[in-house]
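Asker: Please find one structure pasted underneath; my questions will follow.
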């Protein structure tokens, strides 16, 4: 399971790497809980690596046990249908 999570976050990081950031700025990593520095070319540089980021919990009403999207994050509804656990990806929307 840990290997699958690491692979997932690595793929997210690669996809996120193409987004521009402000050189010299500290930026939230794609997983939503680690931090990265922005290089002079606008790409992400070194990041902290807290391997397991806790999922965010949201209060809402949803269909028990069903997965759904919340912006760019993947969520799963709790068994009671009152909360959901979601990934913590940083969602960046491209300008039209």
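Yeah, the Cβs are placed from backbone N, Cα and C, and that goes for glycine too.
If you look up Swiss-Prot, you'll see 1-20 marked as signal peptide, on the strength of sequence analysis. Annotated domain 'Pacifastin 1' per Swiss-Prot: 21-55, in sequence order, evidence recorded as a curator's inference. Residues or ranges marked as disulfide bond in Swiss-Prot: 21-38, 33-53, 36-47, 62-77, 72-91, 75-86. The domain 'Pacifastin 2' annotation in Swiss-Prot covers 59-94, and the record cites sequence analysis as its basis.
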Asker: When neighbour density is defined as the number of other C-beta atoms within 10 angstroms of a residue's C-beta, which of the disulfide-bonded residues 21, 38, 72, 86, 91 has the lowest density?
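Answerer: Selected from the disulfide-bonded residues 21, 38, 72, 86, 91 on minimum Cβ neighbours within 10 Å: 91.
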Asker: Would you count the other CB atoms within 10 A of the CB of residue 36 (disulfide bond), including those on all shown protein chains?
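Answerer: Neighbour count, Cβ to Cβ under the 10 Å cut-off: 22.
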Asker: Please identify, among the disulfide-bonded residues 33, 36, 62, 72, the one with the smallest Cα-Cα distance to residue 21 (disulfide bond).
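Answerer: Going through 33, 36, 62, 72 one by one, the closest to residue 21 (disulfide bond) is 36.
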Asker: If I take the alpha carbons of residue 72 (disulfide bond) and residue 62 (disulfide bond), what is the distance between them in whole Å?
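Answerer: Residue 72 (disulfide bond) and residue 62 (disulfide bond) have their Cα atoms 17 Å apart.
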Asker: Could you give me the DSSP helix, strand and coil counts for the domain 'Pacifastin 1' (21-55)?
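Answerer: Reading the DSSP string over the domain 'Pacifastin 1' (21-55) gives 0 helix, 11 strand, 24 coil.
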Asker: Through the lens of DSSP with three states only, how would you label residue 86 (disulfide bond)?
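Answerer: The three-state answer is strand.
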Asker: Which one is closest to residue 62 (disulfide bond) in space, judged by CA to CA distance, out of the disulfide-bonded residues 33, 38, 91?
Answerer: 91
Asker: May I have the DSSP-based helix, strand and coil counts for the residues of the domain 'Pacifastin 2' (59-94)?
Answerer: 0 helix, 14 strand, 22 coil
Asker: Using a Cβ cut-off under 8 Å and a sequence separation of 6 or more, which residues in the same chain sit near residue 77 (disulfide bond)?
Answerer: 62, 63, 64, 65, 66, 67, 68, 83, 84
